[in-house]
């Protein structure tokens with residue numbers, strides 16, 4: 001591609017709506033990285049005569065980052081939604097053989113091609129909202145061949161679509177039926193067979209575990225983290241969603257990229273996360289969908305300076321959500337985040353939760369030229385509207401990959 005000077009735009013370069021430039025320009029190198037950003041009046045002489053692209057005064061932010069999703073799976077779980085409306089809890093449904101395990105059955109039965117086609121339909125609406133980087137977890141196969149299929153599909157999505165895909169191995173998501181009553185043996189399988197094989201195939205960017213009463217214990221979770229450490233892989237954790245089990249402190253001890261959910265996080269866990277630099281990933285879609293009543297400790301996270309990210313947590317059972325903008329709205333209305341916190345939560349802090357701050361989440365020299373162009377008059381509208389298309393253009397690596405009128 002050729003170098004381009006994007007001009008006549010309002011710039012929020014670092015995901016902070018309190019740090020903007022009213023008349024800005026972005027110089028993009030031919031390799032798709034940022035060369036320079038700043039005031040239009042300050043464009044360096046070396047970029048002044050580059051070919052130009054006029055954005056007609058639109059707002060520009062970094063491309064959005066969805067840092068926690070379960071996008072690849074078979075089937076759906078609308079029947080469980082009806083059960084939940086009738087009064088069944090998430091734990092009760094899981095104990096009846098529903099929940100994650102029901103999706104495991106559908107995923108194991110699906111071909112790789114079928115998994116890919118279903119995931120495409122879930123990914124497209126996110127891309128149309130300005131998402132340029134996404135995390136995709138495994139965890140609905142729970143045996144080597146099916147976990148491999150899920151991670152292969154995630155890689156294929158990154159090859160087929162203009163989005164950076166970060167894969168996470170979540171073999172320790174639930175106990176598969178064939179291991180009922182033998183959780184430690186299943187963790188042996190995860191640590192000694194599944195993770196080494198998948199890592200050797202280049203399918204794993206990070207490792208996650210569901211540490212909860214209906215998931216895995218602290219001791220079992222630590223075994224998974226140790227296996228990841230032996231492979232030099234970063235870790236993250238589903239922690240404190242349904243109870244305070246101390247998972248966040250364990251995650252912090254292993255310097256996890258993120259601890260996610262966190263409704264039952266306590267002060268000790270917050271302090272540990274702050275000390276380790278672990279990002280708090282909040283998932284308001286799941287909170288809303290399962291009608292949780294315990295809010296994450298937002299004020300504690302603020303006081304300790306723990307970075308807060310937001311993500312869709314797209315999954316079939318507790319958050320069938322394919323809108324990161326609606327996630328921002330929920331973060332503000334349900335979790336009482338500010339617009340500043342919400343936008344940082346889907347840009348800079350979300351990139352940190354992926355260990356990808358050097359590539360995503362901010363428009364600065366050397367980073368990928370991934371940005372979204374918005375048809376709004378103020379950035380608060382990104383968290384204000386829901387159900388309304390706001391993204392008019394997506395640029396990935398300096399190339400326009402989506403325009404609203406091209407859909």
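Every residue, even glycine, has its Cβ placed from backbone N, Cα and C.
Around the Cβ of residue 68 (Zn(2+) binding site), 31 further Cβ atoms fall within 10 Å across all displayed protein chains. Summarising the annotation, Swiss-Prot assigns Zn(2+) binding site to 68, 70, 238, 313.
Cβ neighbour count for residue 70 (Zn(2+) binding site): 26 (other Cβ atoms within 10 Å of its Cβ, all protein chains included). Secondary structure at residue 70 (Zn(2+) binding site), taken from DSSP and collapsed to helix, strand or coil, is coil. Sequence annotations record features per position, and here Swiss-Prot assigns Fe(3+) binding site to 68, 70, 238, 313 based on sequence analysis.
The annotation 4-imidazolone-5-propanoate binding site is assigned in Swiss-Prot to 77, 140, 173, 241, 318. For residue 140 (4-imidazolone-5-propanoate binding site), the same-chain residues lying six or more positions away in sequence with a CB closer than 8 A to its CB are 70, 72, 73, 74, 100, 103, 104, 106, 107, 146, 150, 173.
In sequence order, 77, 80, 90, 99, 100, 102, 103 constitute the residues six or more apart from residue 317 (N-formimidoyl-L-glutamate binding site) in its chain with CB-CB distances below 8 Å. Marked as N-formimidoyl-L-glutamate binding site by Swiss-Prot: 140, 315, 317.
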Under a criterion of Cβ-Cβ distance under 8 Å and sequence separation of at least 6, what residues of the same chain contact residue 318 (4-imidazolone-5-propanoate binding site)?
90, 285, 286, 289, 290
Fill in the CA-CA distance, residue 68 (Zn(2+) binding site) to residue 315 (N-formimidoyl-L-glutamate binding site), as an integer in Å.
10
In Å, rounded, how far does the Cα of residue 241 (4-imidazolone-5-propanoate binding site) sit from the Cα of residue 313 (Zn(2+) binding site)?
13
Among 77, 140, 173, 241, 318, the record's 4-imidazolone-5-propanoate binders - longest CA distance, Å:
20
Based on Cβ atoms within 10 Å, give me the single least packed residue among the binding-site residues 77, 241.
77
